[in-house]
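Since the structure comes first, as structure tokens, the remarks are kept for the end.
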Amino acid sequence: RNTLNSKKFLKVTRLCDLSSDGNAVTSVAWSERGHLVAVGTHHGYVTVWDVAVNKQVNKLVGHSARVGALAWNGDVLSSGSRDRLILQRDTRTPGTVPERRLVGHRQEVCGLKWSPDNQYLASGGNDNRLYVWNMQSLSPVQTYTDHCAAVKAIAWSPHHHGLLASGGGTADRCIRFWNTLTGQPMQCVDTGSQVCNLAWSKHSSELVSTHGYSQNQILVWKYPSLTQVAKLTGHSYRVLYLALSPDGEAIVTGAGDETLRFWNVFSKARSQKETRSVLSLYTGIR
């Protein structure tokens, strides 16, 4: 009863196919306005597509290895790569010279997220480090080193200014919370599994996390109590991908089992009383 079954999810349109030249898609990110999608590749370049007309409108070069992380800030696209660099480009101009080149990570950059006010960029790497960058500096303004595995999962709270959540890999398994206004660590919860993705609810102070080894589960947490509200299972391999629907009611997950699953996790239509449904997580905007 937790999955969404609707014909509106069944239409699939092919945007591009990179297999002909031995390339592969390594990351995907929608623009904030929803009409452009960026595609990171194994060969290190990023293409930008206008999905309304199925047309490539830009090709951004500059990385020397696969691009595993993408994050939009208006018309500016940030990309993180195995070459350890973060590049920022204005997608309205030809993509030959990056506007900013951020150097700090010692291994692959595997997570990128802009803050809700578009002033700060959080980056996670295979070096177990979490950095926060501002719009001006070419060096991190904050460095967090508490994780003991790769930091792929990053999410800024839309409800608490400056609150950042991050998740660690198999050797870490923790979701950590940071006050980026003061640079201080806050809560930490051991999830028992590799943390692959994090996303905050748009409607209430709750967080969804997806996991890999050993349980491949999807968990919903209430913040700041860190009470586990729901546990969703069904994927047989690690849940590598997570996206929130535009209305904030549903999530879609993708896993190594090559399935996409749609979950009605944050539905406004459900009762606000948890006693009626453990998935009734909407508590209103405060």
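Just so it is clear, glycine is given a Cβ too, placed from its N, Cα and C backbone atoms.
What TrEMBL says about this protein:
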type	residues	note
DOMAIN	10-263	domain 'CDC20/Fizzy WD40'
REPEAT	18-59	repeat 'WD'
REPEAT	102-143	repeat 'WD'
REPEAT	232-273	repeat 'WD'
The repeat 'WD' (18-59): DSSP-derived helix, strand, coil residue counts: 3 helix, 22 strand, 17 coil
Helix, strand and coil totals (DSSP H, G, I; E, B; other) for the repeat 'WD' (102-143): 0 helix, 21 strand, 21 coil
